[in-house]
Structure formats: C-alpha cells, structure tokens
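To start, the structure itself, in structure tokens.
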Amino acid sequence: MTEAKTGTGNERLVVEIVGAHNLMPKDGEDSSSPFVEVQFENQRLRTKVKPKDLNPIWNEKLVFHVIDVNDLRHKALEINVYNEKRSSNSRNFLGKVRVLGSSVGREGESVVQLYTLEKRSLFSSVRGEISVKHYMTTTAENGENVRRVNRSGGSKKSKKVQNVSSSMAIQQQQQQQQQQISLHNHNRGNQQQSQQNGQGQRMLPFYPHQSEIKPLVITALPSPMPGPGPRPIVYSNGSSEFSLKETKPCLGGTSNGLGGLSSHKDKTSSTYDLVEQMQYLYVNIVKAKDLSVLGEVVSEVKLGNYRGVTKKVSSNSSNPEWNQVFVFSKERIQSSVVELFVKEGNKDEYTGRVLFDLSEIPTRVPPDSPLAPQWYKIENRNGGRGNGELMVSVWFGTQADEAFAEAWHSKAGNVHIEELSSIKSKVYLSPKLWYLRISVIEAQDVAIMDKGSSLMRFPELSAKLQVGSQILRTAIASAIPTKSFSNPYWNEDLMFVVAEPFEDCVTVVVEDRLNGGAIGGQNDVAVGRVQIPISAVERRTGDTLVGSRWFSLDNGNNNNRFGSRIHLRLSLDGGYHVLDEATMYNSDVRPTAKELWKPQVGLLEIGILSATGLMPMKVRDGKCGGIADSYCVAKYGPKWVRTRTVVDSLCPKWNEQYTWEVYDPCTVVTVGVFDNARVNENNNSRDVRIGKVRIRLSTLETGRVYTHSYPLIVLHPSGVKKTGELHLAVRLSCGNAVNMLHMYALPLLPKMHYTQPLGVHMLERLRYQTLNAVAARLSRAEPPLGREVVEYMLDHDFHVWSMRRSKANFFRLVNVISGLVAVAKLVEVMRSWSKPVYSTVFVLAFLFMVLFPELLLPCLLLYTAAVGVWRFRRRSRYPPHMDARISHAETVFPDELDEEFDTFPTSRGFDVVRMRYDRVRSIAGRVQTVVGDMASQGERVQALLSWRDPRATFLFLMFCLLAAVGFYTVPVKLTVAISGLYYLRPPRFRRKLPSRGLSFFRRLPSRADSLL
C-alpha cells in the first residue's frame, strides 16, 4: 500500500487498483508494461510496473489524505494508465478514467467498479477496461505492506515506487496463491476464521486469458457478518422519476462456492459473464430399488422449511424411477443437512431416508461433467439400515448448470405441480413465414346461374380465395368485348401469409352474385371451386415470374357439359421480409429465403438481471399486501426468450443471459416484463403487462457492457405510471467491423421490397395476418406464450389514432426544424447589425466565399466534420430509452387518454363521441387552413406564366428579359456580391415596408376564389 502524506487530517481516500483488461499493445512486440498513476489534488501516486502483460493484476492500495471531506464532492480522481519504456526512460499513454468525488462511498459500502478507459485526445489509441475500488476511511494503515511517500521528494518517490523489492513481489505472489487455494478448499473453518479476523470484504485476483475479449469483472466477497451486503452503486441520468440510471452490478464468471470468482475463466463462465452469480443446492433423485412398499411411491426432499415432492410412481415395480431435480437457493438455506425421504402414497410417515451434510457436498463448476448419481443405503425410522437403496446426486452449483432450467425451484414451492411448466424459462422460435402470391388471371367456361329466369342476366363473377382463416376476394370481372360472359377476366394479385410446415390448402371459389347486393353476401353462389396444397406451390427468390397454370373447377353437380377451369399463377415469394413488427421497431430485416441472407456482423448478449419496485398486480391469500409473479420476455429476430417466473416477489432476480446473432446493426431488441396470471389461477387468464424496454443496437458501442436500470412505463387510462425498473446488462460484439460498416450502405429491406413494392395498406393487412400466425404458433408451445404477450411485444396498436401521439410527433417535427429556424435567426441578427463586429465578420466571410466559390463546399463539409468531432466528447453515454416527456405522457389530458384506450368502433356514449368529434373538427380546420395557404403559394407560382393575370404575367416576362441581359453582361460573382450586400445592408438603409418583389408575389391570383 502506498500513502501520500499531506496534512494532518484523519480522513483518507483509499484507491484500490485491482486490475485491467485488454490493454492496447505499445512496445512493438504486441504487449505492454503497464502501470497506473493516480492523481488527487496535488498528490500523485503510482503502482508497480507489470512487464509484458495486457491483462495486469495489481491489487494495490493507494492512500491519499483528504483535508476537507465536505469539499470532496467538488474534486475528482485522475486515473491514468501508462506503458513504461525502459529503453528510453519514457512512457506511452494507455488510457484514463476520471472519477468524481461525489461517487466515493464509505468503507464497507463500496464495491469494485469496472471503468472503460477513455482517450486523452482525438488521436489517442485506447482500448480496455480497468477495475478500481475507492472509499473513504479513518483507519490508519500500518504494517510492512504500507509504503509512505513524501510529496516533497518527487524523484525519490518515483524511485521508491518503481523499485519494488523482490521479496515483496514473492510475498504477494504467495498471498495470491493462498487465496486461490482457499477458494477451492471451501469449508466452514475458513469462514469462521474470516469472521474472527473481522474481514468485511476480501478482493480475489482474477486471471483471464489474453485471447479472450470479455471484459474483466472483479467482484468482492460478501461480508461473513450477518446482514445485507452492499448494494450496487447507481448513477442517475437525470432527476426525473422516469430517467435512465447506470448501475454497477457485480457481474462475473464462474463462482467458486464462496461467492467470489475463481482464478480461471472457462467457456461456460464466459457465457454467463453478464449476470450475477446465484448459488444453488441441486438434488437429483434418479430412482430407487429393493423397496418394500405396497402402494404408490413418492420421494421427498426437505431442507429446513423447504419441501419438494416428486411425482407418484405406481407400485407395480419395486424399482421406481423419478429423474427429478430440485433446486434450493443457497442464500435462504437455514439448515445444515438435507434429508431425502421415501414415502408410501399419501402417508405422512416415511419408510426410509437418506441424509447429507451440507459441509460435505461438493461444488460443480461447468464445464465439468455432470456429477454421477450414486446408490445410498436407506435408513429406517430408528436410524438402522432399512430396505432398499436410493440413487441420488447432490451438489452446489450456479444458474449456469444444465439442470437449472428444468428443475423444481424452492421459491416455487406454493405452485401446484400441474402449473410448474408455466413458470419455467424457455426459448421460442417464430415460425418461418412466407408471402404467398396468387395471381387470379381469368376463368373459362364458367357455368352461369340463371335461377330459372327467362330474362337475360349479366353475370357478376368474382373469385374468393381462402388460406386458413385468411379470406380475400377479387373485384367483379368487368365486361370485355373480346370475351364472353362465361370467360371472366380479373388479372389481380392477392397476397397471403403462410407458415412452415405448409399444412393448409388454397381454396379458390368462383362466385356469381345474384340479385345485387354486396360482394361476399348471402346472394353469392359458388359456381366452381378448386383446392391447391401450399406445399406444391413453386418458390422464388427474385422478381422473375413463375409459370402460370390452368386448374379445373369443380361445380359440385357432376355436370360434365362445362369444362370450367381457372388460370392462376402461384408462388411463394422468399425475397421479401415478412414484417411482423412496426417498421421503426424492426428486429430483423432478412428475407425469408436463407440463400439471400447476408453474413453475420455481430453478436448481441443480454443479461436480464433483476427488477425493482414492481407494482403489485394481484392479492393472494396469506400474503400481506399485493404481490406479482413476474417474468421477462425478450424478442430479437425470430428468437423469443422467456425467463422463469419469480413467484411472490416485487423485486425479482432472474440473472439469465441470452445471445442473439446480429445481421444488421440498425435493428431494435425489445424486452418486456409481464405478470404470470396462470400461477394458481385460471389457465384462461391473460398475463398482465408491466412494461417494456426497447434498445436500438446502432446506438451501442461494440465491446462495451451497458449496465443500466430502465424505467418500466405503462400508460393507463388514469395516466402514465412507473411500474418498476428493469436491470439489464447489454453487450454488442462485432465480429467483422468492415461488414458492419458496409451494412450502412445497403438498403434496409431486401431487394424485392423495391423491385416489386407492396402497398402501405397491403403491408398493414399482411402484418396483422403475420401477428395472428406468430401468436397462434407460440400459444401452442409449452409453456404457452399468450397472444396478449405477442401483441404487446410486436406493438400491434401503434397505428391507432391518439391525440397524445399526434402532439408528440408534431413537436418532434418542430425539434427537427429548429435547426433551420436557428440559422434563419442568426442571419437576421447579422442583418440587424445589433452586434457590429459579428456582422462585419459575417460580411467579410460572405465576400470571401463569393471571391472563392470553389472553397464553399469544402469549408461547409469541414465545418460539419468539426462540429461532429467537437460533439464527440459530449456524446451521450447512455442508450436511448422510452421517454415519458418526449411521448407527452406526463401532460396528457384525461379525456385524450380515454380516447386513446377506446375500442374501434367506439364504445363511448353519444355526448362523449360528439365532443371528441367536435375537437377533431377543430384541429382538422386548422390543418385545412395551413394546407390551403400552402396550396395558394404554389398556385401563385404557377400563375406567373399562366396569363390568368395578364398584367402580372407581362411584368414578370419583362423582368425575366431584363434579368437575362443583366446576368449575361454582369459577372456572376459581382451579381451575387451586390445582392448579398444589399440584403445585409444596415437597418438605416432599409424601410419597414415589404419589398416590391414580395408585394408583387402576394398580388398574384390563386384558385382559392374558385372554391365553394
């Protein structure tokens, strides 16, 4: 430990430099010799040098004296990482971190925090992260590990810090090895000894492999003393209740059983490095043999107050098999033994049992092979040897264990055994969807229905097509002179959405409408039909037309006099992307045909950590206050994930990590939180939405771990409500930077959307059919993903009229135009000459651009680039989130909310509907006026040459002729300069009346006087 002595205060600031990861090589040999230099006020301390190490571990404490603790929040720590160049006695910059003094906590409350190294200047080459712990203390640090450095001896200080004795290095290595050995030798004696020594927190070293690109995360062991541990530090992005907050959770790799990180990092731990470690006790009951039981046999696991029971097995065999896994949270274990009972049927008395001491249970760390079950002798009620044996395996593990997903959890002990499947975590896949294009061209020799009438009747023939529940109709065939009435001609394209596997058929029915009426009414009579299996339809990936075919029509009356047939062209279009989400929230834009997919450009990893402050959703007997049975659903591309349901908790912890392949960075991932209504309730109940979060991947930096608390905001008829906060850890990894940058130059949608575009109304109808297909498929899964969940995740109602959304979009447009308005105001300020110096500089710049017009575009582009570089340092470090202020959810009126939640068609009373109709009329009237004014200005431009006003057109033509002569004789530069100077002339040379040109334009006629 290094200490800087400045002053006589007792308060000390301790900065513990733990380690760094993935540093930039600077020595020319793909390595670096890093050290850390920390500066606080006028005190500067540094760690020892780690030669040839891009992932150094220091575990050194630097102590700074604080004169005024109250002034600490106005100061900052400067942490710089350098590479030591021994040959030239100089150093290279590797990165820096600036820590505000307001974020420094007290001793015992701080945790190790991971900081991303920042650049010192624009051209600095920096990468990597550094793990630092900082806190205030009043305890004097004494011992042989403390090195005191005087501020006055600058050169001596450097020599003392750099020249670390070899005995000290060997001693630190021995201490690190002892810590690693103590991690693997987990027993109670070590815990009791740590309690006697009064250790609050111990830092464990972590040695990652240099080839891995995962961020270094070092966590602190929880205090062995009773009581809750330190909470993660939270940094708010604003004072609003609906703001985004940055968190610092203890993320890590494989746990060693003591709550820390092991010194190695394996494949499984790297796949769970975005979640917090959760320790569990696993009990796997496989089977039994040689039991002397007459009735049905069950096995029971008892751990303190927790009790889990297996399914009943028939007594036909003396060797029953269960193959069930029970999981108990280690943080809630209140017993020293776990008991396994074998019972007969529903009897309370057991026939035998097996006991395990928790201190002797091993710890399994993936990717170790599963623990092999063993046979254990069953004890009778008297403690003697009973009849039979029980095959079980018991071990400690984490949520990374393979048995975790399908196991019975102790927190779900109150859930009925038949409902356990509805609370498990699952991964779903959306069905592979295709657009089915059917071109109804024509029909021949259709049997026309005359209904016994002697009068000549013109048939009204149309075609009805049905695929599953989707029904579309063509228009009534129009009369063509070259074709008879029995040969109708339509030539219409109809689109359907179908899902693999193709089990449905296309039913084509030719109908004749009798006695008038609407199409599809009771007067339509089928005159022929044909069924075509979808599996026989030809697939296409481009815009090349497939061949058309003739199909025979069955008229149903065995009348062979007419050989009716219909001409169709059917194709499964794989070149389109079947839209199931709103265009602005697309999570996948790939076409259906796999051969058209672009290569993968990255990997998206999301750690769903926990939720806090959830709103109670139900009241359950025996529970004080409301509770919630919450789970999360994340959707990106065709992959849906569902976390397990945490029962009876308003602050659930999931700590589940999922991965998606990224094919386009300009996509959005959606994470929703729901209350499981199927837990101890009616299975037909609908899950209640709690809130959701959208994250656009293009706003994320590659390789950076984003740990934030996202507000869950739901709009109710009574107003906007915050229903809780969702804690996520998100990382976007880039496999090939060139491919990712190349994606920005490609069209957003596949080629077919531009060569053969679909109409807006058709896309909306197809999107609704796609939603039905996805919801129907996911609702048949186990556990089912309800339709209400699918609709909420896919934003099925984003197109519904809302006064609130209209205001939000209007002010978004105003915000976009505000830049142009600001430029116009700036020019007006220059014209007003209220600031003569600025106006003079502006005029000189204008004349410079007139004299050298070839510099105009380069200067403009250079200025744009400079603005972008200047804004880089002030860029937002937080990903965008749902903003209640931008959505105008905080200032919306109650009646506008009630209108937004109204059904379609409306279900409100007459007076309410009339009031809303009058309000819409008032708004539409103002819009109508603005549109009319814009049309009038355009019509005045057209009137310049229309001779509607002969005198105005004559004057305009004379002006054009004179202007042509003037522009031909006078140089362009001189013309532009004179025009600009005339426009920028001081106010004393201007008059307040409108210009003659503007007055002339306003006198031109428009078509407004022709309106009724």
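Each residue, glycine too, has its Cβ placed from N, Cα and C.
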| query | Which of E296, E300, E389, E402 shares the Ca(2+) 1 site with E344, N346 per Swiss-Prot? | reply | E296
| Spatial separation of E296 (Ca(2+) 1 binding site) from E349 (Ca(2+) 2 binding site) - C-alpha basis, Å | 14
| For the Ca(2+) 1 site given as E296, E344, N346, which other residues of the same chain have their Cβ within 8 Å of the site's Cβ centre? | V293, G295, V297, V298, K312, K343, G345, K347
| task | Select the most exposed residue of E296, E344, E349, where exposure means the fewest other Cβ atoms within 10 Å, treating these as the binding-site residues. | result | E349
| message | Averaging the per-residue pLDDT over the domain 'C2 1' (1-115), what integer do you get? | response | 83
| task | Check each residue in the chain of N346 (Ca(2+) 1 binding site) that is at least six apart in sequence and keep those whose C-beta is under 8 Å from its C-beta; list them in sequence order. | result | none
| note | Same-chain, non-site residues whose Cβ lies within 8 A of the E344, N346, E349 Cβ center for Ca(2+) 2 are G295, K343, G345, K347, D348, Y350, T351
